[in-house]
Amino acid sequence: MLCENHPQWPSQQPVMGIQEGIFQVKIALGCDHAGFGLKEEIISLLRSLSFEFDDCGTNNTDSVDYPDFGEKVSALVSSGKVDRGILICGTGIGMSMVANKFPNVRAALCNDLFSAKMSRLHNDANVLVMGGRMIGKDLAYEIVKTWLATPFEGDRHLKRLSKIKKIEENVRS
C-alpha cells in the first residue's frame with residue numbers, strides 16, 4: 001500500500017459501473033466557466049452509468065477562477081474522500097497544474113483516447129483533466145469511459161510510481 005489514505009491505491013481493476021463484478025468508485029467533478037457545459041454532459045454520462053459523484057461546481061457560465069474548483073476536487077482525491085476526480089477548464093492545462101500540487105494526486109490531461117488509456121494503464125492517474133474548449137461531448141464521453149475502464153497495469157510501473165511518491169515526500173519535507 002503506497003497511500004495510507006487510499007487503501008485500494010494503486011488499483012489494478014477497471015471501475016466501470018455497468019460491468020458485472022467490478023467495484024464502484026466515487027468521483028468528484030469540478031470545472032470553471034469554460035468547462036461548465038462539458039461537465040454537465042459528463043454528469044449525464046456518469047448518471048447513466050450509475051456512478052456516485054460529487055459536483056464541486058461551478059454551476060453556471062459566469063466567469064470564475066479555475067484554481068478554486070481544481071482545489072476542491074483535488075483535496076477530496078488527496079484525502080481519499082473520493083476515489084477519482086474529473087476536472088475541466090478551457091484547455092485543461094490550468095486544472096492540471098492545480099491538481100498536481102496535491103499529495104497523492106496523479107492528474108493527467110487527456111484530450112484523446114490514447115492518453116486516457118495510458119494515464120491509467122501506466123500511471124494510475126486518479127484525476128482526469130480535459131479541455132472544454134478542446135474537445136466535444138462525444139470524444140469526452142469516450143475519454144471518460146476509457147479512463148474509467150482501464151486498469152493500472154502495475155509491474156514495472158509500480159516501481160516508477162513509488163519513485164514519484166518519494167520525490168513528492170522529499171519536496172514536501
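The backbone N, Cα and C atoms fix where each Cβ goes, and this holds for glycine too.
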Subject >> Annotated companion of ASP32, HIS33, GLY90, THR91, GLY92, ILE93, GLY94, ASN123, ARG156, ARG160 at the D-ribulose 5-phosphate site, TrEMBL, chosen from ARG133, ARG172 >> reply: ARG133
Original post:
Are there residues of the same chain, six or more positions away from GLY92 (D-ribulose 5-phosphate binding site), whose CB falls under 8 angstroms from its CB, and which are they?
Top reply: LEU109, CYS110, ASN111, VAL129, MET130, GLY131, MET134
Original post:
Tell me, by DSSP, whether CYS89 (active site, proton acceptor) is helix, strand or coil?
Top reply: strand
Original post:
If one looks at the chain holding ASP32 (D-ribulose 5-phosphate binding site), which residues at least 6 apart in sequence have a CB under 8 angstroms from its CB?
Top reply: THR58, VAL64, ASP65, TYR66, PHE69, ILE88, CYS89, GLY90, GLY94, MET95
